[in-house]
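Annotation comment: TrEMBL describes 33-52, 113-141, 153-170, 182-198, 224-241, 247-267, 279-296 as transmembrane segment.
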Amino acid sequence: PRSFSAAELVRAAPAPLQPYLRLMRLHQPAGTWLLYLPCTWSIGLAAAPGCLPDWRMLSLFGVGAVLMRGAGCTINDMWDRDYDRQVARTASRPLAAGDISTFQSLVFLGGQLSLALCVLLCLNYYSIILGASSLFLVITYPLMKRITYWPQLVLGFTFNWGALLGWSAIKGSCEWSVCLPLYFAGVMWTLVYDTIYAHQDKRDDIMIGVKSTALHFKKDTKQWLSGFSLAMLLSLCVAGMNCNQTLPYYSAVAAVGAHLAHQIYTLDIDKPEDCWKKFASNRTVGILLFIGIVLGNL
């Protein structure tokens, strides 16, 4: 019997459509969640005391997260198609495997960005400019692994833009005393989960000359991840204090800390399957914090 999952939906799609759905990673929704959740935090924190987050904005940002994550993956695969052929985990990606051409992926990218622009134009002018300014990061991030051991940091800057954009979409501008600590917390979180993710490919990455924090930290990875987690938790506390959050919020921050501590303590950086499991579990981290924000507001 088939289970109801994103992967099953992609497999059930018409054959000519499947390479495009796999190109935008629709079968692997963990990355979409990790892009979307910082948006929900920001939208939640911007809600008036005693009120639920704006469901319309949550929906808009959800659609935008699917489209922009898909666009980012398309750009990444266009840059990396030659590298992907040399890595066991990525050799079956549509561009690397030759299922679609570079021109087809470029046209598909244009369609995704056009739809994402339609979503962005539903926001206020401040947010339109702020959202559009993230496109440079989206385009250049895939190049960073060629020139620095810190591409995960650039991914953090890219993936957590919603921590700024969600607040401005509600309020009309950013309250930097809240948005900057929230953004910084998201960047630290990305350094945690994407370093774990990078440990899956470290053997192949060494052979083909691709850089990552996993290769930079090596056996000291857990100490670095612990430092990033602590910085994330402190920043979340600062963001909460600056917008008068209440006990449920700080309880959620404590739960996030416990989840990260368990994740890091039990991580086996030499087992790719464990790295993937720990990476994917970060969706729980983001959802815990969002629930804490909502309850704290109420």
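Placement of Cβ uses the backbone N, Cα and C atoms for every residue, glycine included.
Within the chain, the transmembrane segment (113-141) has long-range Cβ neighbours (under 8 A, six or more residues past its boundaries) at 60, 63-64, 67-68, 71-72, 75-76, 151, 154-155, 157-158, 161, 164-165, 168-169, 172-174. With a cut-off of 8 Å between Cβ atoms, the residues of this chain six or more beyond the transmembrane segment (182-198) that come close are 34, 38, 41-42, 45, 152-153, 155-157, 159-161, 163-164, 167, 205, 212-215, 217, 221, 224-225, 228-229, 231-233, 235-236, 239, 260, 263-264, 267, 269, 275-276, 278-279, 282, 285-286. If one looks beyond the transmembrane segment (224-241) by at least 6 residues along the same chain, the residues whose Cβ comes under 8 Å of a Cβ in the stretch are 45, 178-179, 181-182, 184-186, 188-189, 191-192, 195-196, 213, 217, 249-250, 253, 256-257, 260-261, 264, 267, 289, 296. Residues 192, 196, 221-222, 225-226, 229, 232-233, 236-237, 240, 274-275, 278, 281-282, 284-285, 288-289, 291-293, 295-296, 298 of the same chain lie 6 or more positions beyond the ends of the transmembrane segment (247-267) yet place their CB under 8 Å from a CB of it.
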